[in-house]
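What follows is a short report on a single structure.
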């Protein structure tokens, strides 16, 4: 019996769905997949900025500064900053970590 042939019958307190296939493993699996899909979609919409920012920028780190003296690190930061400074009134956002 397909889901389109379900019959709803009024009872004393509520509407009840008479469906003989509700214990079918395929129906149970489809219900579980549907619920998981809904949960994942809601989480994606709530945290999409965090998730996609992590995927976009989290995997692309700058050059490693391990073992480099602090003076050279500061010099590198200043070079990077001066390379993007524009005197035309344009603004450039730089994220230094």
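Cβ coordinates come from backbone N, Cα and C, glycine included.
As annotated by Swiss-Prot, topological domain 'Virion surface' applies to 1-22.
Residues or ranges marked as transmembrane segment in Swiss-Prot: 23-43.
Residues or ranges marked as site 'Seems to be involved in pH gating' by Swiss-Prot on the basis of sequence analysis: 41. Neighbour list (residue 41 (site 'Seems to be involved in pH gating'), Cβ cut-off 8 Å, at least 6 residues apart, same chain): empty.
Note on the topological domain 'Intravirion' (44-97): mean pLDDT across this stretch is 69. Per Swiss-Prot, the feature topological domain 'Intravirion' maps to 44-97.
If you look up Swiss-Prot, you'll see 50 marked as S-palmitoyl cysteine. Look at residue 50 (S-palmitoyl cysteine): DSSP puts it in a helix.
The region 'Disordered' annotation in Swiss-Prot covers 60-83.
Positions annotated as phosphoserine by Swiss-Prot, on the basis of sequence analysis: 64 (among others).
For residue 82 (phosphoserine), the number of other Cβ atoms no farther than 10 Å from its own Cβ, over all displayed protein chains, is 8. In the three-state DSSP scheme, residue 82 (phosphoserine) falls into the helix class. The feature phosphoserine is assigned by Swiss-Prot to 82 (among others).
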